[in-house]
Amino acid sequence: MGRIIGIDLGTTNSCVAVLDGGKARVLENAEGDRTTPSIIAYTADETLVGQSAKRQAVTNPTNTVYAIKRLIGRRFKDDEVQRDVDIMPFKIISADNGDAWVEAQGKKMAPPQISAEILKKMKKTAEDFLGEEVTEAVITVPAYFNDSQRQATKDAGRIAGLEVKRIINEPTAAALAYGIDKKQGDNIVAVYDLGGGTFDISIIEIDSVDGEQTFEVLATNGDTHLGGEDFDNRMIKYLADEFKKEQGLDLRNDPLAMQRLKEAAEKAKIELSSTTQTEVNLPYITADATGPKHLVVKITRAKLESLVEDLIKRSLEPLKVALADADLSVSDINEVILVGGQTRMPKVREEVSAFFGKELRQDVNPDEAVAIGAAVQAGVLSGDVKDVLLLDVTPLSLGIETMGSVMTKLIEKNTTIPTKASQTFSTADDNQSAVTIHVLQGERKQSSGNKSLGQFNLEGIEAAPRGMPQIEVAFDIDADGILHVSATDKKTGKAQNITIKASSGLSDEEVEAMIRDAEAHADEDAKFEELVKSRNQADGMVHATKKQIEEAGEALPADEKEKIEAAMANVETAVKGNDKEAIEKSTQELMEASSKLMEIAQAKAQAEQGQPEGEAKSAKPEDDVVDAEFEEVKDDKK
């Protein structure tokens, strides 16, 4: 069995870890970084992921996709998506089934397809370290992700060529990372996870009995559209408003300027965690008839705090709900762990510390803890980590729509998973031969206020007065938190195998098509790498030849020089194209044409090695070297 890796698929950054010698180890990517920006750029030639995509974002804003996690498993008409449509430089569109998709380089793409590019980078990082192919992974998601978002994350894994062995909640993973080496007795920890795009709070009890550790999630809550990106957007809005006030120009209509503004806002926000004032200085941000315009704005930590005060307060509300759901008070919490890059902001730490009335743990790396926890869970699944039991919960209630557009819950939120539940329902009309079962997820009484997970029909019900037929609906949640639903007509005793036709998400056929597309791109990428290699070799050959021509000077006959220059021109023309064979052929021809030049260079080198009269003979071979002892003679005249 191959190794199972742990991946933190983040909104802003992603991270991969693996068990190495029994310890979870975060792996460095090809650029030498322990985290990879969750940014994907589409160019005419290739797909860039991570730092290389981030570097070119300013010049290619409409085809550079970031924070894709905010769209995964969401409908285009969702309020959260509509908020992003206006501020993202790339184009968010509605797919045929109503899902939120992205359009880049004229191609329409599903969020799982884009997320798969990040997962492929994580997979490659692990393969480079392990020296073997990786096909299995544990992937983390926000605890408050609904069924559609979890399904979409698993789809992303499949498209990337990974079998997702387990979907694990991010705060639970962080608690695993924190508690795995701490063998003391019972401990109740609160994990406050404020990442790039999502927020979670989980209350987790860590028990250690007879060497076995149990991590039991007591309650979880959160907001899947609250994170560092929202903090950045407040800063961007402030800077754009200040510029408009001063210059009368609205930068929001210029994608290039907005991308520069985004980078500057993020940088300023990070700086203000360690300093009390910073300056955003963007020369030539735009221009009008009077000439170029520059943006120079001083911003203090206090100003930033006032811009995001309501966002921080918003994160405290789920804390109250989670504590109430767990039937605990703040005094029952032993430790508070902060996870996610946005928790580095001093004001966030201050507010969370004040809420719980205690000091925060400083020994957890907010960027790496989740990936480490995922690697530990991977070790549990593979049998490498023993005596660890993880009991997670479903974050939201699950049920079906019943008469009067009411949601009837079958499984309450914060129920330990995996779990099963069933309930018997009946018909609303006389002689009704079919019922539609509408599956919902959420906490509202009115069905329209909840997330629709899909619906299906149970047909062939025998004619009977209303209320007589007995229809049993069974819900089954697996360890990934993903729901399976079945319905049975108890009168006939015949269970019908019914699959929910999801109202959103990718069909199996679409996922398979995307897997094939990804495989085709893998071949394309390999060919592109080979092409670049050939180009580099050709460029190197031309550069070396030009240098040798200069050094040869008059020693190179004119007709030979002409022949070589013609061959060099052919190489330079071939390099501009995409024909690898043509590049290699022209490079070979240049090598052959340069044979006379090589002879001259070799003759010159040999001449330089020869020794003119009067010079000392070359040193003997090392075997003839005689060791001598020297005695230091002091100069008394010093």
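The backbone N, Cα and C atoms fix where each Cβ goes, and this holds for glycine too.
When the ranges 411-448, 601-638 are checked against Swiss-Prot, the one recorded as region 'Disordered' is 601-638. THR198 (phosphothreonine) has a Cβ environment of 27 other Cβ atoms inside 10 Å. In the three-state DSSP scheme, THR198 (phosphothreonine) is classed as coil.
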